[in-house]
Each structure stands twice: as C-alpha cells, then as structure tokens.
Amino acid sequence: MWRPDGSDLRPWKIGVLISPKVKMEPLRIGFLGGGAMCEAILRGLLDKKVVQSSDVWVSDVAESRLEVMRGLGVNATANGRKVVEKASVILLAVKPDTVPEVLRDVHDLIKQSQLLVSICAGVPLQALEDLVPDGVAVVRVMPNTPCLVGAAGSAYALGKNASLANHANIVEAIFGAVGLTVRVPEKLLDAVTGVSGSGPAYVFMFMEALADGGVCAGLPRDIAKKLAVQTVYGSAKMAMENENMHLAELRNRVESPGGTTIAASRALEANSFRATVIGAVMAAAQRSAEMRTKPSPF
Ligand SMILES: NC(=O)C1=CN([C@@H]2O[C@H](COP(=O)(O)OP(=O)(O)OC[C@H]3O[C@@H](n4cnc5c(N)ncnc54)[C@H](O)[C@@H]3O)[C@@H](O)[C@H]2O)C=CC1
Ligand SMILES: O=C(O)[C@@H]1CCC=N1
C-alpha cells in the first residue's frame, strides 16, 4: 500500500508486515550507474531513511556524477566491481545499451545471495538472466522520476529465480518507500513505460502548455506557472482521494452547462487531445519494445 509520506516503510518493517517468517537484513544497495534515476531513487531512499548513506555504493564512469554522489554522502567509485563486492542488492541504472558491457565486467563477482534489480527500459528479464551467473535472482522495475519526492509510480516483474516472499519484498521495500508499487507480468512493462515511466514528461509538457495558455490570456508568467502546477497537483490529489470515481465524472463536475469549461473541452476534443495522448503512450510503449532489437544510436 502506498503511503504518501512513506512512513514506517523501512525494509525490516516491510518484512514483518508482509511475511512474519522473513527476517531481512538492513539493505546494502549498490548502484551501477549514478545518473538521473540513481539520484532520484537515492535521494528518495535517504530522505525516507530506508538506507543509510554508508550502506550505499555507486559507480559511474563520469567524475562529475561521482562528485554528486559524494555530495549525498554515499560511497562513490569509478569501479563497478567494488560496488558489486559490497552490495546485497545491485541496482542497474545505466542506459539500456550499456547493460551487457557493465554486467560482463562484474559477472564473476555476482553471488546467488545477491539480487539484481534493473530499471533499464526495454531490457528483458531473459537478457539480464543470461548476463548473470545461473540461479541469481533478477527483478525488472520501471520507476519514474517522482521517486525524488516520494511519489513515484513503479511497476515490477519477477524473474525466474526471484521469489514473492523474499525478492518482491525487497523491491517493495525500496520502491514502496518512494511511491506506489505494483507487480505485473513482464509483458506489460512496455505499456507501463508508456504510461508512468515516460509519463512525467507528458505531464510537465501539459503544465507548460497550461501556463503558456494563461500567459496568452494575459496572466504574468510566474502566476500562470504557479496556478498551472497547483491545478495539476490538486486534480491528481482529487483523483487519488476519489479512486472509485470515474475520471470523466470528476471532469463533468467542472463542466457547467453552457459554461467556460465545456467550451474548452470542445476545443480539446476538436484537436484530438485524448487521441494525441493515447498515441503518445503507444509511441513510448512501442519504442520500449523496439529497444530490444534497435538500441539508441546515442
Ligand atoms: N530517466 C527516467 O525518467 C527513467 C529512466 N529509466 C531507465 O534508467 C536508466 C538510467 O537512466 P537515467 O538515469 O535517466 O540515465 P543517465 O544517463 O542520467 O544515467 C546513466 C549513467 O550511467 C553512467 N554510465 C555509463 N556507462 C557506465 C558504466 N560502464 N559504469 C557505470 N556507469 C556508467 C553514465 O555516466 C550516467 O551517469 C536507463 O536504462 C533508463 O531506461 C527508467 C525509468 C525512468
Ligand atoms: O526515455 C527513456 O528511455 C527513459 C525510460 C522511461 C523514462 N525515460
């Protein structure tokens, strides 16, 4: 269950809550890749005190990223092998096309007692399992950048060696501390990427356009931005607090007969707003599926 403030979601408590038989050690997390997502997850975990900074190791090839990590008080190194030696959970957070070389470099160090968690878009469990020693548990997670503020939406799928009682518990402890988590069959992770993995970008774009609309209608930019962001935040809060109500019902309550909102809704429909958003989700989901065979050229 998601608790927006992340309270009482420390891993040992999760272990007790979900399965009284599971006794979990404090997490030692090793990130391979210290970029934007590592930072978002890590800041969220440190903020919620799910791990101590001394129990976190991060490797990156960029010195500038290692500096950022040292600034967070965690152990930072250019050597991924040191990270794997220390961690109980290895969190793979490099770009998808870098995954094979990064895992080959540490292959001989990975033990069956460790869990590999990959957040890399489009990289299948089978490919990950082929890159680690036999029997090692692997979980694929698709989180999103709101990890940073404890409001992520993450979905995960368990690999063939990962168990519900143990490995799902660990993943829930990590990603549940920084937002909502759901378990899905792996085949749905491309769709998840289209909705929530990439989703924050569409929402930021929408807020930007909403603010621009305000400026177009005469508002000063700072006021337009504040109102646009608050409107998205307040609407999301209402949708969460009325989860049994259809989203169209919430919309209809704003649309007074003959009023301003229905005029705007008509303009949005005339410009295929919903079809455009659905098309964007499909484009991201298709790109996620395609990344298995066509990696990024960049
Ligand atoms: N950015 C997002 O919103 C989301 C990203 N993801 C996934 O997370 C992964 C990371 O994405 P970002 O953090 O956005 O990318 P990023 O480019 O910010 O971070 C990747 C980091 O890996 C480092 N790196 C490159 N080669 C390395 C190596 N051999 N060893 C160690 N580090 C190395 C880079 O220097 C960089 O700092 C990707 O696979 C992406 O698909 C998943 C969900 C959301
Ligand atoms: O754009 C990307 O490929 C990554 C995966 C999900 C969000 N960002």
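Cβ atoms here come from the backbone N, Cα and C positions, even for glycine.
Since this is a predicted model, take the numbers as computed values, not measurements.
Taken from TrEMBL, the feature NADP(+) binding site applies to Leu32, Gly33, Gly34, Gly35, Ala36, Met37, Ala93, Val94, Lys95, Pro96. According to TrEMBL, the feature domain 'Pyrroline-5-carboxylate reductase catalytic N-terminal' maps to 28-122. Per TrEMBL, domain 'Pyrroline-5-carboxylate reductase dimerisation' is recorded for 186-291.
All protein chains considered, the CB of Leu32 (NADP(+) binding site) has 26 other CB atoms within 10 Å.
Residue counts of the domain 'Pyrroline-5-carboxylate reductase dimerisation' (186-291) by helix, strand and coil are 86 helix, 0 strand, 20 coil (DSSP-based). Look at the domain 'Pyrroline-5-carboxylate reductase catalytic N-terminal' (28-122): DSSP puts its residues at 45 helix, 19 strand, 31 coil. Under a cutoff of 8 A between CB atoms, and with a sequence separation of 6+ in the same chain, the neighbours of Ala36 (NADP(+) binding site) are Thr145. Summed and averaged per residue, pLDDT over the domain 'Pyrroline-5-carboxylate reductase catalytic N-terminal' (28-122) gives 97.
Cβ environment of Gly34 (NADP(+) binding site): Val58, Ser59, Asp60, Ala62, Arg65, Leu66, Val68, Met69, Ala76, Ala93 lie under 8 Å away, each six or more residues apart in the same chain. Largest Cα-to-Cα span within the NADP(+)-binding set Leu32, Gly33, Gly34, Gly35, Ala36, Met37, Ala93, Val94, Lys95, Pro96: 14 Å.
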